[in-house]
């Protein structure tokens, strides 16, 4: 579990809130190459505190230096290098590998100043490391290009810089200060950030989402023909049949439950800017947008009442604990967040409290945990009927350190929920779709396009705790699941045994590493792959592996952010080449499924089949 944020209408980066949600988006499972490759785990939103006369932190932009954070014990921004002369085409994963593996430089992160730049930044841990990098990089030939490197200036603290610009706009009469949300109430601002469709009738929400999926498929068709000219005739025919789309787009599948549907939420702990009191809720904006304040979640339509009750109880506990909330500007304070998971069918509730321990001694930290348990097991918080209590230490991470793991404190170690008649064990870190009832519609859509039978081996890639494979096991002859996180595989095995499912096997490892060996275990005539990757999509290596695996003729891709996964869709359709072996896969049918009512996001299920572009077009007959 990380402090990173999922973008399903509730994330700091995507929708200006600070609700971290599913482990599916956690760094531990994230397989997609990020534009910014962070290796150190250091916080990007940190700065050194500026003090007022009475010694209290002064968070005003006018009093803060945007470069004051450089005086901390360590930040890699102190030792940054600008790399120029990069080739026209390269991946940041490749650049990272060059710097850290090939050249053996002690780099903490590699990042571009903006998308499409012809240069990049690399950050290091010391002046010695930076000097070595300058010496090695200057004149190094990479992809027939001569690289050059020079010392780069540190970036200003985004929070302080943003606040300074806002102050300047307010006081500079020659510049128009425009904040379209200024007239909105706090609750309205929060709804706009986390549930922008909250005041739109549900039928209209569905229409908007289906229109978005249509635009995405139009773009996919345009990009496919650019990537693979051999598909031009096929695509022209498909567009004529499907009203301009490369494949049929079926009607959107509705969510049976549209209010209070979330079974997992993460809430920030901070100060309400209006009441100045401790608040457990959502951030009003991101750090880079100049906001660290937290607003209550009372009016949020997609958050269950049980979770709202827990948030209020936690506010009281934080007040009583004597330890103030963590301040993301000064890095003072303790309580950072809580994660709440709820089994909709079972009513079981799991609570994780995340705290920065600062310099607390072991005995002090032990006392905090004991008070937390007592409060929710027999104190005022007992009214929330919590079944499982956990604690998460969220201090600053060192380079190469693992993500912190939850410590079980009291009650059940897991909670449970029911999905398509099967009972699933859910741990604090496990991925489980956030809308249980809508998830059932999602899995029905997968089964529909996959056309499973007793003669089918279902290959479940990114299987998590096995929900897709187990739910579709009755319709398949065999299920083989692949998952990066070993604990999730253990949960999948447990779930299979609990439900008496005998035809499922799960394996831990990267898909690109173990896929061939797992497929060798397939004992049915037909092999159908289902991939349900993290939000950013599958790693390029996984796409290459799926393409070159000839046994996979059919593939179902489940995407919670189709725009982010568009590159995967295009790569599946590229012509066979030295780097992308195997016949192209083209979209045959698409079904949108609404897992996130009141937000702009929607799941998209796309069914792909292989096509041999070297054969006459009439030899390929797409699915009706």
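Glycine is treated like the rest: Cβ placed from N, Cα and C.
Taken from TrEMBL, the feature region 'Disordered' applies to 1-64, 166-186. Sequence annotations record features per position, and here TrEMBL assigns compositional bias 'Polar residues' to 46-62. If you look up TrEMBL, you'll see 177-186 marked as compositional bias 'Basic and acidic residues'. Annotation source TrEMBL lists S-adenosyl-L-methionine binding site at 433, 483, 532. The active site feature in TrEMBL is assigned to 560.
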## Note on the structure
Around the Cβ of residue 433 (S-adenosyl-L-methionine binding site), other Cβ atoms found within 10 Å total 25
### Neighbour count (Cβ, 10 Å) for residue 483 (S-adenosyl-L-methionine binding site)
26
## Note on the structure
If you rank the recorded positions 532, 560 by how many other Cβ atoms lie within 10 Å of their Cβ, the lowest count goes to 532
### Task
Whole-number Å only: compute the distance from the Cα of residue 483 (S-adenosyl-L-methionine binding site) to the Cα of the residue listed as 'active site'.
18
### Largest inter-residue Cα distance among 433, 483, 532 [record-listed S-adenosyl-L-methionine binders, Å]
16
### Task
In whole Å, note down how far the CA of residue 560 (active site) lies from the CA of residue 433 (S-adenosyl-L-methionine binding site).
10
### Task
Using C-alpha atoms only, work out the spacing between residue 532 (S-adenosyl-L-methionine binding site) and the residue listed as 'active site' and round it to an integer in Å.
8
